[in-house]
């Protein structure tokens with residue numbers, strides 16, 4: 001999940017020096033100091049990292065992870081480009097190992113909202129837990145709790161307890177008596193190293209699990225979302241042993257925290273997915289949250305304007321999950337409450353596939369080049385009534401351009417409806433949205449459209 005907003009809060013509060021000193025003394029295990037001091041060092045969690053496979057791959061890497069096809073050129077995927085002519089192994093991987101049921105009356109029973117704690121500290125478009133309309137949701141996941149130097153769960157900010165209280169009030173006043181509050185632990189900024197370290201030994205796993213159970217009991221959470229980004233990813237501090245250790249971690253959690261829920265967040269697309277033993281995790285989790293967003297962006301080369309939540313890319317992401325043998329009733333489809341932006345190379349070419357020179361300009365409140373929150377997209381449309389967003393029904397996305405060269409692809413109630421219909425047809429367990437606090441608090445329909 002995205003985490004740059006938290007670092008922006010720290011920078012805007014002018015606490016870099018204090019935080020640096022604190023982190024050097026107490027939290028080298030939690031967040032890389034360079035991430036705190038420089039947003040430019042943030043590495044996108046779907047940045048391209050091609051896998052090698054086949055005859056010319058390093059020993060032990062000849063086969064693709066998750067049962068994907070190994071193409072004639074030695075790369076992994078599930079489309080005909082990988083599984084067709086010249087395919088080296090797993091060449092039927094495009095045919096799902098899971099037979100989807102013809103009917104699924106119990107599908108789409110979960111609707112999960114993530115709330116980012118740092119949204120309460122934004123300079124503008126501040127969003128408090130009390131702003132959440134709970135009516136559309138079965139679960140609200142609070143993001144994030146962190147991991148301390150001993151491998152135990154800790155608060156990310158001291159005032160998070162105030163936000164917890166607000167969330168509990170939202171739950172208690174909701175007409176949905178089954179609404180559950182969960183805590184999400186980790187995130188991209190935490191990286192893999194803390195998880196890799198605590199999961200490497202039975203003692204470390206036990207200490208983490210005990211702290212998780214105690215944390216949830218103390219702050220009244222019904223479950224934990226494990227957001228380990230990413231096991232076995234050496235560029236985020238992982239090790240090759242992470243894949244098996246993660247399965248041990250969730251198994252032991254299930255044995256010890258019997259009355260608490262557990263989900264695991266996994267990347268959409270094929271990048272970083274090789275570090276997850278999806279089938280091994282399946283028996284111990286209530287569901288897997290698949291991040292089917294940020295599937296394209298300005299970090300890709302060549303830089304071309306592409307929707308980041310195109311339905312065909314989502315299908316390819318889910319094919320990987322099916323090929324691993326995971327049942328659809330254990331899968332939650334990710335929906336984005338933000339758009340990805342580009343600066344176009346020419347104002348005369350404004351469709352998907354047009355050349356771009358880089359990310360779009362940062363929004364005033366999101367403050368991240370290449371990203372605009374839903375609330376900011378709403379504001380642009382309100383100020384520019386001549387803009388006519390284009391609806392691509394096949395891709396289930398919308399896009400528009402403005403100010404000559406600015407371009408955004410995004411989802412709204414129309415495209416989310418299409419994606420939810422798709423999820424229902426695939427018999428998925430439900431959907432999640434990252435993140436509800438990116439919406440406009442002044443518009444009731446903006447909050448409750450999911």
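Glycine residues also receive a Cβ, built from the backbone N, Cα and C atoms like all the rest.
Predicted automatically and left uncurated, TrEMBL annotations should be read as such.
Annotated transmembrane segment per TrEMBL: 15-39, in sequence order.
Annotation comment: TrEMBL describes 50-93 as domain 'Chitin-binding type-1'. Within its own chain, the domain 'Chitin-binding type-1' (50-93) has Cβ neighbours under 8 Å at 270, 273-276, 278, 316, 319-321, 323-325, counting only residues six or more beyond its boundaries.
Under the DSSP three-state reduction, residue 64 (disulfide bond) is assigned to coil, being neither helix nor strand. Taken from TrEMBL, the feature disulfide bond applies to 64-76 (among others).
What TrEMBL lists as disulfide bond is 69-83 (among others).
Annotation comment: TrEMBL describes 87-91 (among others) as disulfide bond. Summarising the environment of residue 87 (disulfide bond), the number of other Cβ atoms within 10 Å of its Cβ, over all protein chains shown, is 20.
As annotated by TrEMBL, domain 'GH18' applies to 109-450.
Cβ packing within 10 Å was compared across the disulfide-bonded residues 64, 91, and the lowest neighbour count falls to 91. When the disulfide-bonded residues 69, 76, 83 are compared by the number of other C-beta atoms lying within 10 angstroms of their own C-beta, 83 comes out lowest. Confidence across the domain 'GH18' (109-450), taken as the mean pLDDT and rounded to a whole number, stands at 95.
Residue 91 (disulfide bond) is 11 Å away from residue 64 (disulfide bond) when you measure Cα to Cα. DSSP classifies residue 83 (disulfide bond) as helix under the three-state reduction.
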